[in-house]
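The block underneath contains the structure these notes are about, expressed in structure tokens.
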């Protein structure tokens, strides 16, 4: 086996590298080329990048394509640009907008990995005769019986496992992540050593297809109904004011709600059907149980084989937080997760990712998208009562 756990000598092993134009994927290409692999660089043009071509911190924009091409020339590897714009719009941008219209908080990076990078690009890599597809993600993979498993990376600050939970077993077996054992400073140092022009390039930020980070503009253009005005209602039923579209709000939001109040108020629920933004005290956000859809289970054995009393593991519902103790249950086709410590501000559409433990070497057990959450009994009762009321215009 070679350094990528593949049979054969590196020079007889073709690897397609997904090159975004950033320092991480560039270093992956450089490392594999230096080891003697037959490396082919591929960059995807994913969206109409005119507004983001020269925006600092953008991803997959025109400048990124140029950077990937220059790095490939420096390394002496072939490089191809594939136009996936239409596919990206249908698989990522449109569902992103539809999710917001439904009052959810989507994570487009997960959808992109699941439906474009690790599906279409992977198929392209196989068509090119590649033995594996390598990316610059900070995550590790390793042998696990006859297959491979995902593990958190050495650099916890760069952990991208949250965005890769939907990767299927077949995809994991074909993918390689050479940066999983490195820190970001080490990666930049390697780029400097190799003389790559992207060594000091700023990391991509926010959502790649949203110019200036204003996702509400994109959603309003694609789904005008999301900008329809409606009521801002207290969880106790009082109408406090009006809003200019639920797309401007997210669960847990405090600032910019647009109403004056003598108490701190947070967005606790988005009622898309009634174009209603529900606000309340912080305690109304507390959640101890969530239900998942589109579950991707990467543990050993079928999901249905977990113990009747549940499986103790660790979970995280935000990419920036460490995994916390939880219990996974699967009953009659319904997947739920009980959070031992509770969480605030959980929104439908977000991901819940499962792990073996909370350490840097934790195995990734997959996860799912949050369908709904259970609040405290009082908050649940108030939301149920409020849902039965029709929308109303506040008194002048």
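Glycine is no exception: its Cβ is also placed from the backbone N, Cα and C atoms.
On a predicted model such as this, the values are computed, not experimentally measured, just so you know.
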Note to self: Record says 18, 19, 20, 21, 22, 23, 24, 25, 136 bind ATP. Source is Swiss-Prot. Which of 4, 44, 150, 164 does it list for that same site?
What the structure shows: 44
Notebook entry, point to check: Do you see any of the recorded positions 112, 137, 208, 350 whose C-alpha is within 10 Å of residue 24 (ATP binding site), and which ones?
Noted result: 137
Notebook entry, point to check: According to DSSP, which kind of secondary structure is residue 44 (ATP binding site) found in, if we only use helix, strand and coil?
Noted result: strand
Checklist line | Distance in Å spanning the most remote Cα pair of 18, 19, 20, 21, 22, 23, 24, 25, 44, 136, given for ATP | finding: 16
Next item on the list: With H, G and I counted as helix, E and B as strand and the rest as coil, say where DSSP puts residue 24 (ATP binding site).
Entry: helix
Next item on the list: Check residue 112 (active site, nucleophile) against DSSP and tell me helix, strand or coil, would you?
Entry: helix
Notebook entry, point to check: If you count the other Cβ atoms within 10 Å of each Cβ, which of the recorded positions 20, 350 comes out on top?
Noted result: 20
Margin query: When you rank 112, 137, 350 by Cα distance to residue 22 (ATP binding site), which of the recorded positions ends up on top as the closest?
Written below: 137
